[in-house]
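One structure below.
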Amino acid sequence: MASVPAPATTTAAVILCLCVVLSCAAADDPNLPDYVIQGRVYCDTCRAGFVTNVTEYIAGAKVRLECKHFGTGKLERAIDGVTDATGTYTIELKDSHEEDICQVVLVASPRKDCDEVQALRDRAGVLLTRNVGISDSLRPANPLGYFKDVPLPVCAALLKQLDSDDDDDQ
């Protein structure tokens, strides 16, 4: 005598089938971007050159995705973005840039007390092709930063503590 599947098993099978159908439909959606570039812009409140626990993320900072042809250096694509309340920007891109070098670059800070561009933190490279072994469309970019005009009072003690922690590791 054949056994009747338990209701939980049947429900799980139906849910699994629906998930597969919906994911296939979403994968074929021509309106979805090929790539989603995401990163953050911060204010280096200690002028340390890196993110600390007193770093502030900047809402309303302007960034630009620039893709330049590898051989000629000609600008092939530029897309502007703006950070949200958490200092996070999201830029959607519809096509691949296999022959390009793409970087997100700082454009402007809305904070007058934190608008000095940090060398080496003013741009972040992103790979925008599928031919590099990355199948996910989300492409995270390294954080971009500006220096605060005057370090916060807590910074001297914080940087001393960080230096002391480094000495303990040796």
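Quick reminder: no glycine exception, Cβ is built from N, Cα and C everywhere.
On a predicted model such as this, the values are computed, not experimentally measured, just so you know.
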- Of the residues C114, C155, which one does Swiss-Prot pair with C46 through a disulfide? C155
- Message: Going by the disulfide annotation in Swiss-Prot, which one of C24, C43, C67 is bonded to C114?
- Response: C43
- Query: Within 10 Å of the Cβ of C114 (disulfide bond), how many other Cβ atoms can be counted across all chains shown?
  - Reply: 21
- Taking the Cβ of C155 (disulfide bond) as the centre, count every other Cβ atom within 10 Å, in any protein chain shown. 18
- How many whole Å apart are the CA atoms of C102 (disulfide bond) and C114 (disulfide bond)? 26
